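In what follows, a single structure is set out as structure tokens and then discussed.
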Amino acid sequence: MRAAVFDIEGTVCPISFVKDTLFPYALKKVHELVPGVKFPLTTDQEDPIVPYLRQFPDEYTASAEALLNHVDDLTARDVKAPYLKSLQGYLWKFGYECGEIKAPVYADALAAFRRLREQSIPIFIYSSGSVPAQKLLFSHCDSDPSDVTPMFEDYFDTVNAGPKTEQSSYRLIAEKVGVPAQSIMFFSDNPLEIQAARGANWQATLVVRPGNAPLPDEWSKDSSLVYNLDHLP
């Protein structure tokens, strides 16, 4: 192994973090802040949340009630609308920076990162969450130190690398990392991502954590399967 690439949710932090912490936090904050905003929205409003609200379709920005109902609906249906993701990112940044949100990264993952660094093996992150969101998470961990971003060489998401279930994404990352595909180890909780990485000639380890979705029968006996990252050198 000459490079290690890690997924985030379900691999190095609980998969419940996004669903049970980040999404509810953003929903709570938007309900606290939006009632204080003047509607209809205009370009000269100084409230820092307004530029994010203006990204919503016009039919939802006529009133606070219309916007909040739309946010509630999108969140309940887990619709990843770009304008909602942008608003959530703004609210999460606020939450991280004021100390209301801490990312619960697994202790065994942090220990594995340190061991890899000691061996001069570069570490990369590849997540469906945006690169800015990845950096926010790893700079505000529930650990000491709370900022672990110095451990990572670079970050990849679906924008700068591509979908995580497509082999082409892993080939592109290998090119950017500058390491032969067969010398890269990928860690993920998603069998479809593991399959795509192996299809691109990567090594890949399937990680099982508490709360993760049950594995399909054909994956439950995969030879790479691990329940923590203690095995890493």
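Just so you know, glycine gets a Cβ as well, placed from its N, Cα and C.
Per TrEMBL, the features are:
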type    : residues               : note
BINDING : ASP7, GLU9, ASP189     : Mg(2+) binding site
BINDING : SER127, SER128, LYS164 : substrate binding site
Among ASP7, GLU9, ASP189, which are recorded as binding-site residues, the nearest neighbour of SER127 (substrate binding site) by Cα:
ASP7
Among SER127, SER128, LYS164, recorded substrate binders, what is the largest CA to CA distance in Å?
8
SER128 (substrate binding site) and ASP7 (Mg(2+) binding site), distance between Cα atoms, whole Å:
9
Which has the fewest other CB atoms in a 10 Å radius around its CB: SER127, SER128, the listed binding-site residues?
SER128
Starting from the Cβ centroid of ASP7, GLU9, ASP189, the recorded Mg(2+) site, name every other residue in that chain with its Cβ within 8 Å, sequence order please.
ILE8, GLY10, THR11, VAL12, ILE15, SER127, SER188, ASN190, VAL207, ASN212
Distant-in-sequence Cβ neighbours of ASP189 (Mg(2+) binding site), under 8 Å, six or more positions away:
ASP7, GLU9, GLY10, THR11, ILE15, LEU206, VAL207, VAL208, ARG209, ASN212, ALA213
Determine, for the substrate site, the additional residues of the same chain whose CB lies within 8 Å of the mean position of the CB atoms of SER127, SER128, LYS164; present them in sequence order.
ASP7, ILE8, TYR126, GLY129, ASP157, THR158, GLU193
